[in-house]
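As recorded in TrEMBL:
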DOMAIN    29-300  domain 'Gcp-like'
BINDING   His109, His113, Tyr130, Asp294  divalent metal cation binding site
BINDING   Tyr130, Val131, Ser132, Gly133, Gly134, Asp162, Gly177, Glu181, Asn266  substrate binding site
Amino acid sequence: MVIAIGFEGSANKLGIGIIKDGVVLSNPRHTYITPPGQGFLPKDTARHHREHALSVLQQALDEAKIKPQDIDVICYTKGPGMGAPLVSTALVARTVAQLWKKPIVAVNHCIGHIEMGRLITGSKNPTVLYVSGGNTQVIAYSERCYRIFGETIDIAVGNCLDRFARVLKLSNDPSPGYNIEQLAKQGQKYLELPYVVKGMDVSFSGLLSFIEEKAPELIEKGEYTPADMCFSLQETVFAMLIEITERAMAHCGSQEVLIVGGVGCNKRLQEMMGVMAEERGATLFATDERFCIDNGAMIAQAGWEMFRSGITTEMKDTTCTQRSAHIE
């Protein structure tokens with residue numbers, strides 16, 4: 001039996017989770033929430049992580065009903081993510097690894113999402129749509145590694161949704177994307193927006209600029225409501241994502257599709273993806289907010305698999321990187 005503890009802090013969620021041979025023993029997290037209309041700055045987010053790290057760690061140990069000596073390996077997010085929050089969380093992981101005299105494993109944040117999704121849903125070899133505030137990629141496992149078949153060429157879909165939520169001054173609690181999803185359910189009128197798919201890639205920056213400029217004027221005139229704008233934005237960006245996902249499934253001959261990442265718990269995205277999967281005779285796999293949103297258990301799960309394969313990270317190499325391309 002192997003017990004792994006994972007430290008995740010690549011963005012505004014600080015999560016610490018404990019996994020025992022594929023079973024989640026605990027998975028608490030604490031979210032840095034800013035006022036409506038504002039995003040979160042790296043230095044402030046890092047300060048939040050430092051302030052809450054020990055309490056979340058104690059909560060994880062208490063919920064799992066284990067002691068430090070029971071843990072076999074320490075896992076932490078190497079990247080990609082925001083520099084300052086990554087470093088503040090990695091510092092905690094390095095410290096406990098040395099205090100508890102345990103090996104440490106550096107984990108790719110993206111692979112953490114995928115491996116957690118596979119564990120929870122039981123999917124075997126899916127085409128993966130990874131959608132979050134910082135990442136938008138279509139990924140599949142081919143020739144002994146994960147390969148990116150399509151991605152955003154500018155901003156992530158979650159960032160697009162979050163930034164439009166700021167225009168509407170929506171609350172950041174529990175997240176701007178969640179509040180857009182709830183408001184979109186009331187939308188009745190569709191506004192045609194730029195639809196930008198380039199081969200296997202998508203672009204959201206032009207669409208965002210368009211709706212940021214048009215929305216205040218159209219809402220003020222009474223032609224569209226904020227709910228209509230949220231509805232229109234969701235329908236457009238999700239259709240783009242499903243198009244490139246279906247193209248990747250056709251290329252790979254895949255009969256499974258897995259949605260991971262924070263945006264992946266959006267019920268409308270799951271519904272639209274489910275229709276596409278059914279038409280192809282494929283199976284959709286998705287999880288809820290416990291495991292879609294950044295969490296420590298996903299880092300523990302990916303690190304657990306690496307550790308069982310004989311992979312550990314030397315202390316001198318326990319650095320962080322903001323770019324996914326620099327992580328093996």
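Heads up, the Cβ atoms here are built off N, Cα and C, so glycines get one too.
Mapped onto this structure are the features recorded in TrEMBL.
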| residue | record | Cβ within 10 Å |
| --- | --- | --- |
| His109 | divalent metal cation binding site | 26 |
| His113 | divalent metal cation binding site | 32 |
| Tyr130 | divalent metal cation binding site | 25 |
| Ser132 | substrate binding site | 25 |
| Gly134 | substrate binding site | 20 |
| Gly177 | substrate binding site | 26 |
| Asn266 | substrate binding site | 26 |
| Asp294 | divalent metal cation binding site | 27 |
Rounded to the nearest Å, what's the C-alpha distance separating Ser132 (substrate binding site) and Asp294 (divalent metal cation binding site)? Just drop the number here, would you?
9
Cα-Cα distance linking Asp294 (divalent metal cation binding site) and Gly177 (substrate binding site), given in Å to the nearest integer:
14
Taking just the CA atoms, what is the gap between Tyr130 (divalent metal cation binding site) and Asn266 (substrate binding site) in Å?
12
Looking only at the domain 'Gcp-like' (29-300), what is the mean pLDDT?
97
Cα-Cα distance linking Asn266 (substrate binding site) and Asp294 (divalent metal cation binding site), given in Å to the nearest integer
14
Cα-Cα, whole number of Å: His109 (divalent metal cation binding site) versus Gly134 (substrate binding site)?
11
Taking the residues Tyr130, Val131, Ser132, Gly133, Gly134, Asp162, Gly177, Glu181, Asn266, which the record names as binding substrate, find the longest CA to CA distance and state it in Å to the nearest whole number.
18
